[in-house]
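TrEMBL annotations:
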ACT_SITE  Glu159  active site, proton donor
ACT_SITE  Glu374  active site, nucleophile
BINDING   Gln18, His115, Asn158, Glu159, Asn296, Ser427, Trp428, Lys434, Tyr436  D-galactose 6-phosphate binding site
Amino acid sequence: MKKLPKDFIFGGATAAYQAEGATEKDGKGPVAWDQYLKDNYWYTAEPASDFYNQYPVDLELAEKFGVNGIRISIAWSRIFPKGYGQVNLKGVEFYHKLFAECHKRHVEPFVTLHHFDTPLALHSNGDFLNRDNIEHFVNYAKFCFKEFSEVNYWTTFNEIGPIGDGQYLVGKFPPGIQYDLAKVFQSHHNMMVSHAKAVKYFKENGFKGEIGVVHALPTKYPVDPNNPKDVKAAELEDIIHNKFILDATYLGCYSPETMAGVNHILEVNGGQLDFRPEDFKVLEAAKDLNDFLGINYYMSDWMKAFDGETEITHNGKGQKGGSKYQIKGVGQREFDVDVPRTDWDWMIYPQGLYDQIQRVIKDYPNYKKIYITENGLGYKDEFVDETVYDDARIDYVKQHLEVISDAISDGANVTGYFIWSLMDVFSWSNGYEKRYGLFYVDFETQKRYPKKSAYWYKKIAESQEIF
Ligand code: BGP
């Protein structure tokens, strides 16, 4: 039986906007998602999992089920309703109470400053494409570092990659722009500069605790490893989603191979980038200061060459086979490979996590440690007998924990795992039907019910043995 280290974190992940509800309460400012969900989806963020009120219940359950870490994000617009300027004291007070409750329950909070929810006032003037917002983010970060001295683990951003993709490539996140690769890279770059500035400030001012960034790193494979064109497609797709932001994080610049790929993609698809010398100074200054890398890993993709017109279809309702993804001059995702996939066409491939960890330690040896900050199975759970017999989820998590154990044995410094998600929350572009939690949430009554996976997770957390 495979094992995990003794002091390993067995965590659960959440995000403010997906869990809290209370989107207009106690002075919270609006975010772009508020209206965007109303206009484009069949659900809203109200009351979500009502975490704003239910957090003591969730934390009590977490403690009871052996969960010793929780990923929480601060809603920027609870602290600064307009993104900057006047502080909303009720928002500040809420997070102090929340972190105190975490510590009371011995569930260490890993706190993210930005999890997809830029305040509306800043989002509508360009979000991170607007360089003014870099400074607004850094000022918000500075405020939080000073104010929330009880926090021991800080993450600047959750998933810079999917933000750019969701906002400017797939177009399923506000502002819903499609196929604009230049905006994707510009957003990635400006967010990485924001991250670097925040990290540099944190370290220069001697705040206690650790700081890092969370990247989603889906592994990209060629459909035919012997076909150089497929190999190229996988490399280019990897640059868009992984390599560009990893280079910015740990090299402090973009490697020549990365830039060759970016230039090719922009030659074919149009657009230009605004990179400034001062950006690289700060990226360089921060590259060795990250205490940890958070890896969110759900799936891998198989790529083949593609030169036709770009077309992406998002399967948001869980109708298997409904996805299409092809980018001109980059490649096309092949879903018909010998790998299981979820109803949302996410390819289940634990080996991809192992390979991704190996890639990080090989290509970026200045990484210090890794947390797997999200991993889990989105599923149409069936609620029976006041629980969910979620064997498929147990199987998914088990396989991923096993490869983490292998990676550790092979020399990787991985010190924790956070299942997405602690309790059911809504999914940004797939709604409440796609559940991930250890605890089932009845969204009508807001009652929580531990799933079979919660009982299983507890035993693993207690024994560190993956059975
Ligand atoms: C990550 C996000 C989470 C969460 C998760 C599951 O990208 O950080 O916020 O939503 O993926 O994704 P989804 O909700 O699209 O199924």
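Cβ atoms here come from the backbone N, Cα and C positions, even for glycine.
Annotated features taken from TrEMBL, shown on the structure.
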| residue | record | CB count, 10 Å |
| --- | --- | --- |
| Gln18 | D-galactose 6-phosphate binding site | 25 |
| Asn158 | D-galactose 6-phosphate binding site | 25 |
| Glu159 | active site, proton donor | 25 |
| Asn296 | D-galactose 6-phosphate binding site | 23 |
| Glu374 | active site, nucleophile | 24 |
| Trp428 | D-galactose 6-phosphate binding site | 21 |
| Tyr436 | D-galactose 6-phosphate binding site | 26 |
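In this structure the alpha carbons, written CA, of the residue listed as 'active site, proton donor' and Trp428 (D-galactose 6-phosphate binding site) are 13 Å apart. Rounded to a whole number, the distance between the Cα atoms of Glu374 (active site, nucleophile) and Gln18 (D-galactose 6-phosphate binding site) is 14 Å. Residues Gln18, His115, Asn158, Glu159, Asn296, Ser427, Trp428, Lys434, Tyr436 are recorded as binding D-galactose 6-phosphate; their most distant pair of Cα atoms lies 20 Å apart. Cα spacing between Asn158 (D-galactose 6-phosphate binding site) and the residue listed as 'active site, nucleophile': 10 Å, rounded to the nearest whole number. When the alpha carbons of Asn296 (D-galactose 6-phosphate binding site) and the residue listed as 'active site, nucleophile' are compared, the span between them is 4 angstrom. Look at Tyr436 (D-galactose 6-phosphate binding site): DSSP puts it in coil. The two recorded residues Glu374 (active site, nucleophile) and Tyr436 (D-galactose 6-phosphate binding site) have their Cα atoms spaced 11 Å from each other. Secondary structure at Trp428 (D-galactose 6-phosphate binding site), as computed by DSSP, is coil. In the three-state DSSP assignment, the secondary structure recorded for Gln18 (D-galactose 6-phosphate binding site) is helix.
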